[in-house]
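Pulled from TrEMBL, these are the features on record:
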{"type": "TRANSMEM", "residues": "A:7-26", "note": "transmembrane segment"}
{"type": "DOMAIN", "residues": "A:8-133", "note": "domain 'Na+/H+ antiporter MnhB subunit-related protein'"}
{"type": "TRANSMEM", "residues": "A:38-61", "note": "transmembrane segment"}
{"type": "TRANSMEM", "residues": "A:73-96", "note": "transmembrane segment"}
{"type": "TRANSMEM", "residues": "A:116-138", "note": "transmembrane segment"}
Amino acid sequence: MKSDHHVILRVITKTLIPVIVLYGLYVQFHGDFGPGGGFQAGVILAVGVILYALVFGVPSAMRAVPPAFTRSVAAIGVLLYAGVGFWALLQGGQYLEYQALFQEEPGGHHGQHVGIILIELGVLFGVSGAMLTIFYAFAGRVAEIRDEDW
Amino acid sequence: MIEAILDMAPRWALLHAPALLIMVPLFLAPLLAILPSGRLSWLISIFATVFALFCAMILVGQVQASPVGVVGYDVGNWPVPIGITLRVDALNSMILLLVAAIGVLATIFSWPTVKAEIPERKHPLFYSAFLVCFAGLSGVAITGDAFNLFVFLEISSISTYVLVALGAGRDRRALPAAFNYLIMGTLGASFYIIGVGFLYSATGTLNIAQIAEMLPELAGNRSVEAGFAFIIVGLGLKAAVWPLHQWLPNAYAYSPSFVTMFLSATATKVALYALIRYLFTVFRPEFAFEQATFTYLLMPLGLAAMITCSFQAVFQTDVRRTLAYSSVAQVGYMILGVSVGTVAGVSAGLFHLLNHAMIKGALFMAVAGVVLTFQGTTIRDFAGLGRTAPWTMTGFAIAGLSLIGVPLTAGFQSKLQLGYALFDQGMWWAVVFVVFSSFLAVIYMGRILEAIFFRPPINPRKSRKEAPILLLVPLWILALANIYFGITTELPLGLARDAAAAAFGLEAF
């Protein structure tokens, strides 16, 4: 693609993407205390990459965030989520019992905090990875739009 | 044997068997997705299914040992109205045992057929999708929460669509079949969740046991009745109750052989379990609208399935389609048993469910062997195979005779039980339908068996070529099980009777 095309689009996108990612992370970590959480944050993060793919083309997006990577991220997300459950089992609790993670007394909240953050992180990985994998699977099938067809 | 397993099982397995049964396959599935090697993922899948079978056996033992007949497990240690609970009684422990046992046999035999039918780079992903499907089906059977049941139903269905679509490497018609299945399956799931929504609005809880407790007070409530209707249609679609079975023949005929075998023996069975759970545990046969449903809806549909789909099976030229239509007809038998509305009827239906899983498992395994060695599934392709592949085809023939209901096979025993249950209620005319449908089964299985054993091979180059040993061993385990359980019915009939009693909330008898 020639660099003098869609200059405004490219410049705006480049400034927007960090903001989108930052907002995604805000939603992610705000999920502990208010509305938000891994699912929404995962979608927002994936949207950042999808915007990049729309403006700069799917091949360059695939170079930046390869499909093999997105697939692994989705798998790692599920592994993380289920892994917290097994961690609780190993500590002698029920499956996914956060309270058991550090074998705390009933008043302690350390396990609850760590548990929910890890779970939400798992959801973030799972959702953003799956969203991008689905996007690549669909977008990868169509030929690139030529410059004149815009 | 089950006592021995309870004795040797470590304490953590006894305590956490319900969670481990679904979570170990679900945990290993994403791990397989990032593995590079197909053979390794096959071995891990075998491990996962064997482990699930181990947990299922523990659960069967625990349920039999428990004074109330229920094993409960609160996920995350949250008590019932807040958290999700896994609840196992005689009914779902039987289904879990069935799914896990078929899962083990299916995974063992899968490797040669997967190697032949699926592109190599997709092997790990294929096994990953299989484990997700396996975990989803076990999850539907194990959960005690109406919404969680929907989630597991979708987990198993979505991975099933993927598995069916992967048959495209062998036959492109797998793609429309998978798409069709996707649309129908999604409709079924939506109907189910709408029904759960109605029940939730009336009762304010999603726990199945709690809903069941509150429903008798809500007699005559319209939203409960609407919820009932939606749930019956939704689960009926998943269970391929006639006339909602249209997705099934194509999905079974064009998916990879391994998938066909696994699905035919488990997927519709699990949906049927959920249907029985709703018909007898949540709603009660005493409710007027449910009695009407049995008499005017389920029984005619069961009879119609037995007759029309057996006829359709007679006119198929493809062996897998014949067997698929026969599956819908067999679901008709189970629905007929359920629609009697008595403990004997439900136990006959469940008994046939177990036997049919063994029968169709063996039949589709033998067909998978033919697909592997001779690359054909039409009846013409089967001509003369009795001489070229005697071991595979004898296994096929035993299961085929069991499907017809020849004495000394499992199929005969379950039809006998169904007949007893029908006679008990004075429905001798329904027995006539059962006999007539069995007669049609003689015709459609007879056509295939005649081609196999009495016609000369079409292609003289088809020399002696047996299916690989990995396939023959599970096939013969299932075939011999058909004969063994046709002679002594103690084990499956006992399981089915306890399960039916549990469905009604009675003490096991």
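Heads up, the Cβ atoms here are built off N, Cα and C, so glycines get one too.
In TrEMBL, annotation is done automatically, which means it is predicted and not curated.
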Quickly jot the same-chain residues contacting the transmembrane segment (A:7-26) by Cβ under 8 Å, restricted to those at least six beyond its ends, or write none.
36, 41-42, 44-45, 47-48, 51-52, 55-56
Near the transmembrane segment (A:116-138), which same-chain residues lie under 8 Å Cβ to Cβ, leaving out any that are not at least 6 residues past its ends?
28, 31-32, 37-39, 41-43, 45-46, 49-50, 53, 58, 62, 65, 67, 70-81, 83-84, 98
The domain 'Na+/H+ antiporter MnhB subunit-related protein' (A:8-133): DSSP-derived helix, strand, coil residue counts:
100 helix, 0 strand, 26 coil
